[in-house]
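Features as listed in Swiss-Prot:
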BINDING   Arg47  NADP(+) binding site
BINDING   Arg124, Ser125, Ser126, Gly286, Lys301, Pro302, Thr303, Ala304, Thr305, Arg327  FMN binding site
REGION    36-58  region 'Disordered'
Amino acid sequence: MGNTFGHLFRITTFGESHGGGVGVIIDGCPPRLDLSESDIQGDLDRRRPGQSKITTPRKETDTCEIISGVFQGKTLGTPIAILVRNKDARSQDYNEMSVKFRPSHADATYEAKYGIRNWQGGGRSSARETIGRVAAGAIAKKILKQVANVEIVGYVKRIKDLEGNVNPDTVTLEEVESNIVRCPDADMAEKMIDLIDQTRRDKDSIGGVVECVARYVPRGLGEPVFDKLEADLAKAVMSLPASKGFEIGSGFAGTLLTGSEHNDEFYIDDNGNIRTKTNRSGGIQGGISNGEHIIIRVAFKPTATIGKEQKTVTSESEETTLAAKGRHDPCVLSRAVPMVEAMVALVLCDHLLRWQGQCQVLT
């Protein structure tokens with residue numbers, strides 16, 4: 001249970017961190033979409049470990065294989081299966097964690113729920129599970145771009161107390177990818193990199209915020225009342241490992257304003273379209289996209305697995321200490337960027353298909 005996401009564009013991820021591989025089954029992809037591994041590999045490369053000194057040193061190529069659902073370079077409309085094989089697992093690094101629970105990790109709760117857990121690399125709770133999401137998200141991005149010209153760009157907004165100055169209306173993928181921390185503010189990016197590197201040397205971890213903008217989203221996406229667009233976006237990104245908070249538009253800061261200050265006033269643009277002068281709603285009103293840019297923020301906690309000694313307990317309820325071994329991210333933010341983009345793309349693609357299926361039948 002809990003491994004499937006979406007309605008019409010539906011994905012099921014599978015695999016564990018130290019198993020034979022990880023992947024995804026995608027059901028509901030429209031037929032006749034041009035698709036090859038190269039359409040997917042770019043985003044997987046952005047997500048993969050071992051990219052730089054501020055990520056885990058685990059070395060994986062994360063090479064994807066499409067094993068069903070595509071024929072002669074086009075989707076068939078049948079389930080698409082994508083597999084990425086694990087190549088560099090070092091399970092012996094986790095021997096101590098077979099009995100000791102990592103503080104603030106999923107170890108203890110998985111044990112409590114299932115009565116058994118895969119302690120090698122965290123199993124299903126590992127961020128390696130997100131490979132399937134990113135692969136499926138790459139396909140969703142391609143559909144959104146081809147059908148509606150939607151652009152999705154994520155970036156690191158904040159690391160600990162260091163916050164970048166980024167304009168979501170104009171930021172480009174090239175600017176995001178110009179440095180290893182994926183913060184388009186070049187000056188702040190250098191400070192972020194230094195902070196993460198120092199944290200790594202201290203055997204500790206830090207968190208931060210990823211911001212993501214979806215531009216040119218058509219008006220009308222969202223299914224009130226329980227499947228409002230922002231509700232599905234919140235569920236999507238809050239299902240990512242280490243996520244702890246969600247905001248859209250003005251977010252919590254909007255509570256400091258009055259209605260007259262917060263309302264996005266309407267006007268008619270030169271093309272006769274209804275637009276808003278401001279975008280404090282974040283592109284969604286009443287749970288439905290309004291045609292403005294959708295802007296969300298996701299908070300990620302500091303990585304739970306750290307090399308500093310901490311107090312914990314064993315599966316036999318004995319108090320002990322743990323200084324985790326193995327290879328872990330001192331900060332997940334730079335690798336979380338393509339994960340957030342993927343989840344946003346999956347939600348928007350699913351809602352685009354739902355909108356067309358319901359609202360475009362009778363024109």
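Placed from the backbone N, Cα and C atoms, the Cβ positions cover glycine too.
Overlay of Swiss-Prot feature records on the structure.
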residue : record               : DSSP (3 states)
Arg47   : NADP(+) binding site : helix
Arg124  : FMN binding site     : helix
Lys301  : FMN binding site     : coil
Recorded FMN site residues Arg124, Ser125, Ser126, Gly286, Lys301, Pro302, Thr303, Ala304, Thr305, Arg327, farthest C-alpha pair in Å: 44
Number of Cβ atoms other than its own within 10 Å, given for Ser126 (FMN binding site): 20
Rounded Cα separation (Å) that holds between Arg47 (NADP(+) binding site) and Ser126 (FMN binding site): 13
Neighbouring C-beta atoms (10 Å sphere around the C-beta of Arg124 (FMN binding site)): 20
Position of peak Cβ density within 10 Å, selected from the binding-site residues Arg47, Lys301: Arg47
Around the Cβ of Thr305 (FMN binding site), the count of other Cβ atoms that are within 10 Å: 23
Chain-internal residues near Thr303 (FMN binding site), provided their CB is under 8 angstroms and they sit 6+ positions away: Ser205, Gly207, Ala242, His328, Asp329, Pro330, Cys331, Val332
